[in-house]
Amino acid sequence: METQKWSIVALCLLGVLGSTTAKVSVSGPVEEENPEFWRAQGAKALQAALNRKLNTNVAKNIMLFLGDGMGITTITAARILKGQMHNQSGEETVMTMDTFPHTGLLKTYSVDFQIPDSSSTATAYLCGVKTNLNTVGVNAAARNGICKTQKGNEVTSILKWAKDAGKSVGIVTTTRVQHATPATTYAHSASRKWYSDADMPASAKKEGCTDIASQLLKNTDIDVIIGGGRKYMTPKGTWDPEYPRDLSSSGKRQDGRHLISDWQKMKVGKVKREKKLWNNKLTPLFEPGDLRFDVERDPTMDPSIAETTEKAIRILSKNPKGFFLLVEGGRIDQGHHASRASMALHETVAFDNAVAKGLELTNEEETLTLVTADHSHAFTFNGYPFRGQSILGKSPLYGKDMLPYTTLMYGNGPGYKVVDNKRPDIRKVDTQSKDYVQLSAVPLDTETHGGEDVAVLARGPMAHLFHGVQEQSYLAHAMAYAGCVGRDLRHCESRPQHTNTKRILVTATDDDRNSAPSLVSSISLVTALLAAVLH
């Protein structure tokens, strides 16, 4: 009872201090005390909704921006961080993805688990079929890690449907290109972990299954693919050109194949055309594994996800039939798994910048753009922080043990730090550091995913189809319908494609030729250069 009394007193003091602090340190809330501020804002938003007309064009282009692990809590926290990075309070900030007029929720469970992984969810939203945990591009009759159950249960993705329809297709990711999300666009595997043949059990090889990296070359002709993962494409022991002394970065393949050279031979004609077009030297920026976190990359050497997105769009836009592009902010997820909220949120801000670049380079009348996530994380936003307080800071309200805690925490993960039934005192700890590991309630080596619904945000042709609460597998069907690819072609039979096309610069400009060699034009160029270096 005494503890409850003191908690109530503390909360009341917090309210008083909060209102006083807001008037002194934050200019926004003073204006917001006037009810007309909110009435005018509401009236403006209402009128914008009333004026909105449905876009029923056929989608010439489809851009799918996938924030891996970007649950709604992550979006909210990243919005605040983005504002605070520009010296704003943060809460009222409008991210690019916030401007999308149509919104829905997606149920993320897999066939066999309440909380999914990135491969089962990718199979849902890319292939239109829900499946089991840890499997890639196969239906739920396939079993995790059992090769023989894979045969006959393969399912194809919207990337292949778009390619079959004559569109150009591409992938941009901040992870390795063999990782769960990008792999599902082109591969079929009973295990998402079969990156190279070295990662496969002997029984799977004997039964005829192939690794994900090798499927990148043979399953679908992908026009642009930008990401990491070169160590899975070169023979075991092949030194890495960027990290020659790092054995963990060297080639992994046991079959002796040099997939980069193989790709070069397949694309030799295209390589010559691309070299003539761009007429500049490119530095291969693929990492042996995943790309660097945005806050740790060298801007003079490592391209941002916005830059790689721009390069992909400029190449893919040359096709008069349009394109499909998947852009994955894959390291949002990895920041969360490490319970490093700062890393995850900065990755989300960089991802939102890529969304902005995508909208800048395309025409909304003919381009369907979606932003969504595959799953969430055990990530919480709590503690009654003051308006404008750092999203990476501490709650002004202490716990019952009279110790502070951060407003961002995890339900489980490596941040469990209770010793002798006592939490650590973080009053003098810089919780805004990129390396700070948030506290968690349950000790685990790596934090887990969350199971709640994720948002899907849409704009462009047929964006109104993305509404309500849907199964995650609905996404592929709605995208395909909007773009007239795949099985259901009713939309293009009744509606002509939009022809008032916004011109997009697709030839090399002086800026392109003089820019830092960090911008990657296509995998054919990069792989050709890598092959030259590695030989």
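Glycine too: its Cβ is placed from the backbone N, Cα and C atoms.
Residues annotated as signal peptide in TrEMBL: 1-22.
Residues or ranges marked as Mg(2+) binding site by TrEMBL: ASP68, HIS179, THR181, GLU328.
Marked as Zn(2+) binding site by TrEMBL: ASP68, ASP333, HIS337, ASP374, HIS375, HIS449. The Cβ of ASP68 (Mg(2+) binding site) lies under 8 Å from the Cβ of SER118, THR175, THR181, GLU328, GLY329, GLY330, ARG331, ILE332, ASP333, ALA373, ASP374, each of these being in the same chain and 6 or more residues away along the sequence.
There are 26 other Cβ atoms within 10 Å of the Cβ belonging to SER118 (active site, phosphoserine intermediate). Per TrEMBL, active site, phosphoserine intermediate is recorded for SER118.
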Entries of HIS337, HIS375, HIS449 which, being binding-site residues, have CA atoms within 10 angstroms of HIS179 (Mg(2+) binding site): none
CB-centroid shell, 8 A cutoff, Mg(2+) site ASP68, HIS179, THR181, GLU328, site residues removed: LEU66, SER118, ALA122, THR173, THR174, THR175, ALA180, PRO182, GLY329, GLY330, ASP333, ASP374
Fewest-neighbour residue among binding-site residues, criterion Cβ within 10 Å, set HIS337, HIS375: HIS337
Which of HIS179, HIS449, the listed binding-site residues, has fewest other Cβ atoms within 10 Å: HIS449
